[in-house]
Structures are given as structure tokens and as C-alpha cells.
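Q: As annotated by TrEMBL, domain 'DUF4131' applies to 108-254. Sequence annotations record features per position, and here TrEMBL assigns domain 'ComEC/Rec2-related protein' to 297-581. Marked as region 'Disordered' by TrEMBL: 1-49. Sequence annotations record features per position, and here TrEMBL assigns transmembrane segment to 82-100, 106-123, 130-148, 318-344, 356-374, 425-444, 465-484, 490-520, 527-545, 557-577, 584-600.
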Amino acid sequence: MRERLNGSLSGGPAGALRRKVGPVSSTGAREARPSRHPSRPQQAATGAPTVTIALPAAGRARGRWAVLAGFRRALAQDRARWPLWLPVAFAGGIGLYFGLPSEPPLAAALIPPPVLALAAWSVREREGVFCTLLVLLFVALGGSAALLRTAATDTVLLTEPIWADLDGVVERVEHRPDDIRLTLAEVRIVGGRGTAPYRVRVVSRSRDVAPAIGDRVRLRARLTPPPQPSVPGGFDFQRSAFFDGLGAVGFTVGQPVLLEAGSVGGFSLAVAALRARIAGRLAVALPGPTGAVAAALIVGERAGLDDATQAAFRDSGLAHLLAISGLHMGLVAGTLFAGVRLALCLIPGVALRRPVKKIAACVALAGSAAYLVLAGAPVPTQRAFLMAAVVLSAVLVDREAVSLRLVALAAFTVMALRPDVLTGASFQLSFAAVVALVAAHETLRRYGGRLGGGLGGWLVRVVRYFAGVAVTSIVATLATAPFVTFHFQAIALGGILANMLAVPLTAFVTMPAGIVALLSMPLGLEGWALAAMGLGIDATLAVAARVVDWTGPAAGVYPQPVAGLAAVSLGGCWLAIWRTRLRWLGLVPMAAGGLLWLTVAPPDVLISADGQLSAVAAAGGGEGAWVVSTTRGNRFTRSVWARRWGVEDAVTVTAWDGQAEGPSGALACDDLGCTLRRNGLLLSLAASHEAALEDCAAADVLVAVVRVRTPCSRPRLLVHSPDLRRDGAHAFWLGRDGPRMESVRGRRGIRPWVPAPTQFRPPVSKE
């Protein structure tokens, strides 16, 4: 016993303490150690002061590392969730690539990933460093995937408007309420020189004769490059067209001439032709908006929807019902699974001897794949199919698969195949909603979310179902709100109520009837099923209209800035992935993103790329808060400005009373332009050479829709017509710290999807 105690004192904690405070002399007193700091007086060898100093130092060390230790313990408890951050890192790399001002060299895609992979492998025994390098590796892989995707895209974008005679194969026919839109592939410009765009999209006003998919036609058209954003930071259709292979848009003159019927075949054209035939049969059986909605739900064809129907769905918060996504794919898979399983169970011999559940899962999987192809395979449908496929595969192997791992796998697969989809509203809204819903499902399941279990009668089950629909609507609305404000600048006020009524209609009436109608079409027996589907759609339209009457149209909001959206997204992922109390730290970046959103202010002046449309913010706000140069023409640009910055209920310059005084400044307009004084700065919007010359000597910011040919050094910012043609639409702010300007080209940078400007003239004179 004595030896054991001596060993403990010499090698245990007491021994460690003795080594820290110094050796003990033969007399029992502790010997003082030489001081490490010669300038400090060395303590006497009494022992007591040394002990009282050493122990508080250890306590301070423990307090200093307590928070970090708790953080590491929380991370260790959620070790199984660590891999869920890899798709987030992959998405971050893609986002960084698309945010670059210029195109990086191809070596940037080939060198960093293997270097980071080797570095991570070399430190695999050091967990913290390894995980950090692994995250950086996936960031690099995301950027590399996006760069390689761009390098592999050989879309030829038209650089200037032309009149041309075109030959091409009809790839898609969209019957819209007022016209027909044709997508032509394998385009050849008759008698033209240079490389023609491979694919163009033109609008034909002639509805008498519509070519069939696969026909080779010739037509005369006015072609223009895909339009650039109408406002700095707006939707970049040119980038979307670049990755879709669309090189030009325009309109036709006269009717297309058929050169060869069905000249080109192939699987994709055959599917497109089948989709067109189904949409046609739906339009005949269900005329009007009902048939257009049916076509959107069955084959993903939304071109036939009129503006009023789209506005009703958008303002009521039901727009997601028109996009084939997880709800629709789940209903298709679930209906097929339940129907086949029920039918097989009615056969005793099969039910007793065969794996009915797995057979039903196989049929549902095949039907879901067919629905994916029939819907045109948009991004939400791809994501939904991947998730449905994993869930049904889990049924085959007797596993449960509703988890964030499934969502992460689907997201990574979609981004790896098409990195450019990350920037689109469809991908962002789809995955934001499904991540939030699955995370909420996991949390409720973990804490006994199935309230009541199997207790209660049918009334309790009905109440529980509608409560679940309400919770689902709330979670999805909150999760998608930042992305809705970023892309659409509107929030539906009655979305929760509308979804509580419309989702059950879609789940129990519309989609099941549509599936039965689709399966009955080869036999020509779809009439009764389409009638039932029409009743469900009409009821949904009535719900949308009534909710809009009660709550009003969607509330307009200012756009979420990119940095704010990134912060909210990161915080949302943090909140969804972790399970411990560590998750609540995600509220910090989410709050920071919200604060960034509150700093967004509308511009004081907007001007279009052609200089034909301008808008000036009047002082005082309220009715007629904006003065526009004209309300004729540029309808699309005006609609974008109205949605993004509230440029609506505006008055024209000719209707303006000439002066406006207010606390924020003064605006004066005449036939030659406008002058705006705000925060001690004077901005001049000149519509003529005379006005530009006159205001050159006094304005702090001069915006001229004409070319300024004389030197002008007084303005701190000067923009004239060559700048507008080169850089696109401009926005100006007159702040307390000076004027600020943004242009479309300045926000987009020099990228492969940005056509080279036809004219690069430096500004006349700028300070």
C-alpha cells in the first residue's frame, strides 16, 4: 500500500503538481526555480506564494478553453452529420465561380483539386486539419465543375440584331394565348456568313399553320441577341440561354415554309412530339385556363397559361403547384405504389407468395422515370425523381430513406451534372423548401413529433392532416422567403391559407385523376378522368382567386442582396444540419443577412441600355413617386423596374407639374430632361446636346442619352450614350457620402455568356 501511494504521489497528479511548483528540499521547504524573466525579482523559497500563483493560472486556462471545448464536444456529437456539409461546400465553389468578374484560366480547374486532395490525404490522421482541407477540396471541385461546364459549352451568341432567312428543325412548339413560339435547332442562315447560332427561339403571330416537331422549315425572322438584364443585378437571361444552347431570339414575318416533314428523328424529338400531342388533347378536353393548368401539371408545358392565371397562382402563393417538383413526383410515385400494391393484395395467391410491396416499388420507380421524361426533366423534377428513386430503392432493401443525406445526395448529383442550375430560382427554391421540410421532419420525429400516435378516430386524423399541411406551408414559406425576395421581389400574404385548401385538392383529386387520365389515353378512355381533374383544377383556381380577394396581391419588397442571401443560406444550412444546441448559432448569419437586406435602398435614377427609358425618383414618395420618360414601348423593362424597385403608378415627364419639393430633395423636369438635387448633390438627366452642354458646368452627375462630344470635367460621374450601349442599363444613387453608380456590365463582368460590345469607347471625361 505504501509503495502504491508513493507511486501515486510521484507519478500521479500530486507528482505533476510538485513538478509545476518546484522540488521540495530536505528541510521540507520548496526550492525556488530560476526566473524566466531576469527583470522580475525572484520569489523567496517559502513555497506558499508559488502554490497560490500556479493554481489560479490553471483555472484561468480552463475558463479560457471552456467555450471551445464545448463547441468541439457538440461537433463530436454530430459527427455523423459532417458529410452533409460537403454539398454545401461544392455549392459554395460554384457560387464563387459565377461571382468572379472575369473568366479564370482552365488551369484553375485542373490544379487545385488534386493538390488539396493530396494535402488532405497527407494529414488524414489530424482530424481538424483533414476536415478543413476536405471542405476546401469540395469548394475547389465545385468551382472546377462550373469552369469545365462553361468550357464545354460552345453556344454561339448573336452579337447584333439581323434580318435573316433561316433553315432549321422544329425542336419545340409552344402554343401561347396570343402567339406561337418555335424553337429551332440545327439553324442555318441562308446566304449568311460566319457561324450561325445552333438554336434560336422565335415568336410567330400566325396561328393558322403550326409546324410539327421534327419538321425542317424555312422562315424569315428578325433575330436579336438574348436580352441582357434590364437592371443591374437582375435576372441574366443571356447566361441562362448560353448554357441552354440558345443563341438568338426574335420574331418571324409571314408563315414558316415546310421544307421536309419529319426530317429529323431521335428520342428527344419523339418525347417532345408526345408531350405536344398530350398537351393538345388536354386543351381540347379542358378548354381555357383549366386545360393550360392541366398541361402544366402533366407534361410541364406552361406556355399556354395566360397572365391572369399566372398572377392568381403567384399572388396566392400557389405558384409552386405549376412547377412539377417534389409534390407532383411524390403524388405520382405514391399513387402508383398504393394502386399497384392494393391491386396485388386483392389477389390472394400473389399477396401470400410474392413480395407485393417491392413489386409496387418497382412499378412506382418506372412510372416516376416516365413522368420525369414526359415533364421535360426540369431541375425541380430531376431533384424530386432522385429523391423518389432513393426512397423507393430503400423500400426494396427494407430501409427508411427520408433524411438529409438523401437531399444532400440529390443536390450533389444535380450540381455535378449541371453546375449552372445553382444560380437559378428553380434549384434554390426547390432545395430550400425540401431541406427545411426534411430537417423539420427529422426534428419532430426525434422528439416524438407524431403527436397522438395512432390514437383518435377519423376526425382526429383529418385535423392532424390539415395541421401537418399548415406546418408544412409555414416551414416552406419561411425557408423560401429569402430566395423569393431575391428573385421575384414579392411575398404572397395568403400563401399558408391557400396551401391548406389547394394542396389537399391537388393531392386527392387533381393529380390522381390526371395519372389515371394519362394511363387511359392510349385506349381513348381518358374523358371521365379528365373531367374529374378539371373539377379539381377549377376548385384550385377558385381558391387562388378568393384568397387574392381576401389578402390582396403579393406584397412587393426590395431585392435581397447577394451577400445577404449567402449569409441566410449558410445560416439556414447550419440550422438544418446540426442536431445539438450548436444549431442555434445559425441564427447569427441569418440575422446578419436580414440586416443587410434592411440596408437596401432603391436607386434615385434608372436608365435603360438604349437610353429610350429613364425613371427618376421624385421627392416625397407616395402616388406618382417616380417620373418616367415615357409609358410607351419598353414594356418589359418597365415591368422589371416596377417589380424590383416599385417603379409603378409613375407619371410621365409631360404630365409632371414641373417641380417637386420634399425633405429628401427637389426634382424638376421639362422637355429637355430632369435635374434632381438630393443630399447636396445635383444629378442631371439630359435628353439633348443643349441640355448636356448646359448642365456640364453644374452637375455632380451627368447622365446623357446622347453622345457628349465636348470635354466635361465638372461631373464626378458622367455617362453618355456610348457607355449605355457598352455597359447596359445603369442605376444611380445620390448618397450622403457621394454619388454611386452600377451598370449591368459592371455587375456581370467579362464572361463567355456576355457578348463583346460592338463599341468600346472610353468615357469623354471623368474624374
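Keep in mind that glycine also has a Cβ here, set from the backbone N, Cα and C atoms.
Predicted automatically and left uncurated, TrEMBL annotations should be read as such.
Model, not experiment: these values are computed from the prediction.
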Q: Give me the stretch from 106-123, 130-148, 425-444, 490-520, 557-577 with the greatest number of Cβ pairs under 8 Å to the transmembrane segment (527-545).
A: 490-520
Q: Please give the average pLDDT for the domain 'ComEC/Rec2-related protein' (297-581) in this predicted model.
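A: That region's mean pLDDT is 86.
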Q: Looking only at residues six or more beyond either end of the transmembrane segment (82-100), which have a C-beta under 8 A from one in the stretch?
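A: Residues 75, 131, 134-136, 138-147, 404-405, 408, 411-412, 415-416, 419-420, 422-423, 562, 566, 570, 573, 577, 749, 751 contact the transmembrane segment (82-100) from elsewhere in the chain.
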Q: What parts of the chain pack near the transmembrane segment (584-600), using Cβ distances under 8 Å and only residues at least 6 beyond its ends?
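A: That would be 482, 485, 558-561, 563-568, 570-576, 578.
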Q: Quick check on the domain 'DUF4131' (108-254): DSSP residue counts for helix, strand, coil, in that order please.
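A: The domain 'DUF4131' (108-254) comes out at 48 helix, 48 strand, 51 coil.
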